[in-house]
Amino acid sequence: MTAAGVTPAMRLGLTGLPLSVAVLLLAPHLAPERPAAGLAVALTLQLAVTGLAVAGLSRGYPYDRLGPANLVTQGRAALTASLSAALVVMPDAAVLWAVTSIAVLCLFLDGVDGQLARRSGLVSRFGARFDMETDSLLALLLALVAFRSGSGGVLVLALGLPRYGFWVLGRIYPRLSGPLPERMGRKLVCVIQIVALLLIVSPLTGPASSDMLALFALACLAWSFGRDILFLCR
């Protein structure tokens with residue numbers, strides 16, 4: 001509990017309220033034909049993400065301050081949640097450009113929160129997990145939007161699934177749920193994954209180029225996850 005009586009978990013939950021307003025403003029533009037449905041999907045996801053983040057923070061956080069890094073990640077998560085609105089329509093070029101623009105902003109902010117955590121001395125396992133899960137959600141939603149719009153096929157859809165497949169494996173084989181060392185290669189592959197999905201979602205990329213980008217990104221992901229699995233199995 002902080003001096004003001006507000007815990008970091010409470011602050012995270014309270015910050016989710018104005019961010020939900022941002023989702024309210026963005027979602028209808030991503031589902032122009034069905035704004036109410038798009039808003040309902042995006043807002044539900046935003047509230048679910050906020051609830052899970054608050055629960056995770058409550059389970060273990062070593063500081064009495066939330067810190068700017070977690071707030072940036074939370075903002076990125078809200079922007080990411082808004083993208084789900086595009087799934088209730090058949091996205092046209094205008095919607096795809098809007099999705100691409102929001103995702104580019106998310107990618108930029110992804111490079112900010114880690115630096116803020118280090119500079120503020122508030123690096124934590126929660127922050128790293130929050131960051132990773134937000135990246136995974138962004139990849140999944142971009143892959144689903146690309147698949148829904150016809151910008152990519154099954155290969156592109158597979159780009160959004162590795163993190164969740166790895167989680168399932170960890171439930172089946174607990175050894176794969178162990179801690180992993182920080183590796184720059186893993187972060188680089190994550191950037192490659194998101195950039196590939198951004199290019200695929202963008203109306204600029206045709207089907208042939210989309211498949212090539214998806215294959216390259218999948219190869220990078222297979223290398224990264226394979227290396228982590230080998231490390232955990234030693």
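Note that Cβ sites are derived from N, Cα and C of the backbone, with glycine treated the same way.
Note that TrEMBL annotation is computational and uncurated.
Residues annotated as transmembrane segment in TrEMBL: 12-31, 37-57, 78-99, 137-161, 188-206, 212-233.
Outside the transmembrane segment (188-206), and at least 6 residues removed from its termini, the chain residues within Cβ reach (under 8 Å) are 93, 96-97, 99-100, 103-104, 107, 110, 135, 138-139, 142-143, 145-146, 149, 151-152, 156, 159-160, 213-214, 216-217, 220-221, 223-224. Against the transmembrane segment (37-57), stretch 12-31 shows more Cβ pairs under 8 Å than any other of 12-31, 78-99, 137-161, 212-233. Long-range contacts of the transmembrane segment (212-233) within the same chain, counting only residues at least 6 positions beyond its ends with a Cβ under 8 Å from a Cβ of the stretch, are 152, 155-156, 158-159, 162, 166, 169, 175-176, 178, 180-181, 185-186, 189, 192-193, 196-197, 199-200, 205.
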